[in-house]
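Quick look at what Swiss-Prot annotates:
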TRANSMEM  10-30  transmembrane segment
TRANSMEM  51-71  transmembrane segment
TRANSMEM  92-112  transmembrane segment
TRANSMEM  143-163  transmembrane segment
TRANSMEM  195-215  transmembrane segment
TRANSMEM  231-251  transmembrane segment
TRANSMEM  263-283  transmembrane segment
TRANSMEM  316-336  transmembrane segment
TRANSMEM  347-367  transmembrane segment
TRANSMEM  403-423  transmembrane segment
TRANSMEM  446-466  transmembrane segment
TRANSMEM  475-495  transmembrane segment
Amino acid sequence: MKNEKKKSGIEPKVFFPPLIIVGILCWLTVRDLDAANVVINAVFSYVTNVWGWAFEWYMIVMLFGWFWLVFGPYAKKRLGDEKPEFSTASWIFMMFASCTSAAVLFWGSIEIYYYISTPPFGLEPNSTGAKEIGLAYSLFHWGPLPWATYSFLSVAFAYFFFVRKMDVIRPSSTLVPLVGEKHAKGLFGTIVDNFYLVALIFAMGTSLGLATPLVTECMQWLFGIPHTLQLDAIIITCWIILNAICVACGLQKGVRIASDMRSYLSFLMLGWVFIVSGASFIMNYFTDSVGMLLMHLPRMLFYTDAIGKGGFPQGWTVFYWAWWVIYAIQMSIFLARISRGRTVRELCFGMVMGLTASTWILWTVLGSNTLLLMDKNILNIPQLIEQHGVARAIIETWAALPLSTATMWGFFILCFIATVTLINACSYTLAMSTCREVRDGEEPPLLVRIGWSVLVGIIGIVLLALGGLKPIQTAIIAGGCPLFFVNIMVTLSFIKDAKVHWKDK
C-alpha cells in the first residue's frame, strides 16, 4: 500500500519547479502592477518584432508536413491494431466540442472589430476594404492552416500511444528516439517537461482570464450585480470549490454530462444567432471572405509588415500562432486519444475538415453578427470598450439580439459550463503531468488537482488585475517560445522512430 501511494504521488522534479516559477512571477506582478505592465509591453514588443518571423515559418513548415503525411509513405499506416473506437460522426462531433470554450466565444465575438478598426495592409480603418478583409483574417487564423499544423503532433502522439505502446503523459516521454533514454529521462527531459508545464499553466490561466469577465458581465446584465475584480475573484473561487466537490465526490460523470450540454447548447446558440442576425448576409459575407482569403493567402502567410510597421501581424498573427503552439501538445494528445484505429490520412483529413468547419462556423456567425451591429449603428463598440471593457462589448453583441433575456441566459449558462469544464480539464491535465504513473481508470490525487486549479485561478485573477488584452497576449507569446522548440523535437522524434519502425511494414 505504501508503495502504491509513492507510485501515484507527485513527481517532485516536474511538480515543484513550475509551482515555484509561476508563484514567483505572480508575486512579482501583484507587488507592482505598473512595473509589471511595463515589462509585459517590453516582452511583447521584443518577441513579436524580433522573433515573429520564426512563428510564421514554423506554421508554414508544419503545413508542408501535413501534405507529406497525407500523400507520403505513411498515409495508409494505421494508428493501432484495433478498429476505430468512435464512429466518424461521433469523432467529428468530439472535435467540434473541443472548440466551444469560453475563450473561443470571447474571440469569436469581438475579434472582427479589432481587424476592422486596425486593419492590415495599410487599409483605412473601418473602410470597405477593412471590412472585406476582417472575416477573411479570422478564417486564416482559425482555419485549415493551424489545424493542419496540429496534424503532425497528433499523428506523432497517436503513433507513440497505439503503435509503439508508450505511456506518454509528458513530452519528454516521446523524445527517447531523438535524444536517447538517458537524456529523455534525465536533466534534459526534465527541463523540457518544465517548459511545457509552465507554458501550459499560463495558457490555462489566460483562458480563465478571458472566460471569467464574460460570466461576471452576464451576471451584471441579468441580476444587476456590478462587475468588479472582487466579483471575478469570487466567481473563480466558486468554480475551484465546485471542481473540488466534483472530484472529491466522484462526480466526474456529471462533469462529462456538462461538457456534452456545452456542445449541444453551443449548436443551439449559434443556430439562434445565425437565424435572427441575418442568415443571408452571413452566408454572403462568408463566401466573399473565403474568396478574399484565397486571394491574399500568400501575403498573409508571410506578412510581417517589416516596412510599414503597422503592428498588425505582430499583434494578431504572431499572437495566434503562439496560441496554437502553446496548446499544441495538450490538444494533440486529446485528438490522438480519440483517433485510435484511424489511418494517418484519415486523422489528417478529419482534423482539417472537422475542426476547420467548427471554428469557421463560430467565427463566421459571431463575427458577422458583430459587424452587422456596428454597420447598423446599434452598438458603439469602441465606446463600450473604452468605458466598460472588452467583456461588456461582447455581452452587448449578444444582448442586442431578439429575446434578449432568454439569449443572455443561454449565453450565461454556456459560458459558466464552459469554464467549469475548463477548470476541471486544467486540474486533471496538470495533475496527470506532475504525478508519477497513474494507471488506467485511476484519478490523480485530489489535493494535487485542487492545488493546480487554485494556481490557475490565481493566474487568471492576476491577469485580470493587470487589465486589458496585452497581458493575456504576452502570457501566451512568452509561453509559446519554449514550446516552439519542444513541438519541433516531438515531431523530429516521431519522424526518426517511424522511419525505422514503419520501414518494412
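Each residue, glycine too, has its Cβ placed from N, Cα and C.
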Chain residues outside the transmembrane segment (446-466) and at least six past its termini with a C-beta under 8 angstroms from it: 10, 15, 19, 22-23, 26, 29-30, 33, 36-37, 40, 201-202, 204-206, 208-209, 212-213, 229, 232-233, 236-237, 239-240, 243-244, 247-248, 423, 426-428, 430-431, 434-435, 472, 475
The transmembrane segment (92-112) in contact with the transmembrane segment (231-251), cutoff 8 A, at least 3 CB pairs, sep 6+: no
Per Cβ pairs under 8 Å, the stretch of 51-71, 316-336, 403-423 packing most closely against the transmembrane segment (143-163): 316-336
Other parts of the chain folded back onto the transmembrane segment (347-367), taken as Cβ under 8 Å at six or more residues beyond its ends: 66, 69-70, 79, 88, 91-92, 95-96, 98-100, 104-105, 108-109, 111-112, 134-135, 138-139, 142-144, 147-148, 150-151, 154-155, 158, 270, 273-274, 277, 282, 285-286, 289, 335, 339, 397
Contact set, same chain, for the transmembrane segment (231-251): CB under 8 Å, 6 or more residues outside the stretch: 208, 212-213, 215-216, 219, 225, 419-420, 423-424, 427, 443, 446, 449-450, 453-454, 457, 460-461, 464
Winner by Cβ pairs under 8 Å against the transmembrane segment (403-423), considering only 10-30, 51-71, 195-215, 316-336: 195-215
